[in-house]
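Here the structure is laid out as structure tokens; the discussion comes afterwards.
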Amino acid sequence: MNTSAYKPLKTVFHMNDETSASTEEAQRRKYALTLDFKVGSKDLFYLPTATLSLLAEQILLQEQKIHVATLDLPSAASQSYLFNLLIDEISATNEIEAVRSTRQEIEEALLAEPTENKRFKELAKLYLAFSSGDISAPSTPQELRTRYDDLLGQEISSSDALDGALFRKNPVFIKDADGRQLHQGVTDETQIHRNLATMLQHVDDPQVPRLMAAMIAHFMLEYTHPFYDGNGRFGRYLLSVHLSEVLSRYTVLTLSKTINEQKKKYYKAFEDAENTLNRGEGTFFIQAMLELIFDAQDSLLKELADKKRLLQSLKSRLEIWSYSHLQVSEDFLKIFGILGQVELFGKPSGISINDLASEINKSWKTTRKRVEQLENEGLVKHTSDRPLRVALSDQAKEILGLS
């Protein structure tokens, strides 16, 4: 088969005729991965084309570059950057679905104490666990439902509460702003359960390329639409968990931002895969999603390069400042530098005294004393009392070139 001329079956139909499209479909299915999952009246299938293989290889090569770029990041810088990416990820996945949220709300949810009742707290808690590598992917429909409840249960209105054994039992219709029907989710809960079981089995199959399996699983979940509300956010969360088995946290936590920037491409990928003229083929959906990952990595690498240049500038400014403050202790300089890294890599809430003590390998009491010295110099401000968190003052930002 000539994969360099590989075109959507819809295009084959328009370029030729129904017979040509049927012949081409039959030829593709001989070599394809076919699933017991109906898209319209056709079984879903995809072909690991040369294009998909090349994209997957390029993504893995990009991962090596990201690994090198993040390998020598100081601990405080790395943790602050991941925290900032977490805020961006949750903010973007909300925005894609027109769920209003501010960065401050999300940051407060990420930092919330167990007893605090903050909006997006459960969503933030699960993303935080995922970013720390402390969570695994659901492996059964029951686990999917449990994870959905954990992720979004507190945000779903009573009118959208699930009414089936595990999922919804009534039909759902997705419409655009003009009322045009874009998609109808699977109507029968038994079929929803069957679809999700097929999806989970496929994504866990060790014989299937992981990146491709994660992408087609994303399509399968969104096409099935098992919930009345929250399908998009839950689907992208699940995609992140699946991708984290192959890709770095840095890449995975950049994907929703890229999807939000390229929403037309994202939604068109779904629309094309569902088009009856494409006869259940998911190859081009996978291709579009892999391209989005590559774009996310590209943006990430550019941002990391900029941040590392600024980090070097921060070190230089700190050295210059230290020459005129020779009486300052080494701990004092370390704390000043760490707070600079936290600011540079985007954590507005600063850093807790506990984490700061861990960074400089000193006791909480000693660290608190050093921070008080910085406060007396007007270089540090409190951002929280419980737990005690600190960040650079405006004066300190100016000294370090971060204002």
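Glycine too: its Cβ is placed from the backbone N, Cα and C atoms.
Per TrEMBL, these features apply:
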- His225: active site (ACT_SITE)
- Asp229, Gly230, Asn231, Gly232, Arg233, Phe234, Gly235, Arg236, Tyr266, Tyr267: ATP binding site (BINDING)
- 139-295: domain 'Fido' (DOMAIN)
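Projection of TrEMBL feature records onto the structure.
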{"residue": "His225", "record": "active site", "Cβ neighbours (10 Å)": "23"}
{"residue": "Asp229", "record": "ATP binding site", "Cβ neighbours (10 Å)": "19"}
{"residue": "Asn231", "record": "ATP binding site", "Cβ neighbours (10 Å)": "22"}
{"residue": "Arg233", "record": "ATP binding site", "Cβ neighbours (10 Å)": "22"}
{"residue": "Gly235", "record": "ATP binding site", "Cβ neighbours (10 Å)": "22"}
{"residue": "Tyr266", "record": "ATP binding site", "Cβ neighbours (10 Å)": "20"}
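Considering only the binding-site residues Asn231, Arg233, Tyr266, His225 (active site) has Asn231 as its nearest partner by CA-CA distance.
Of all Cα pairs drawn from Asp229, Gly230, Asn231, Gly232, Arg233, Phe234, Gly235, Arg236, Tyr266, Tyr267, which the record names as binding ATP, the longest spans 19 Å.
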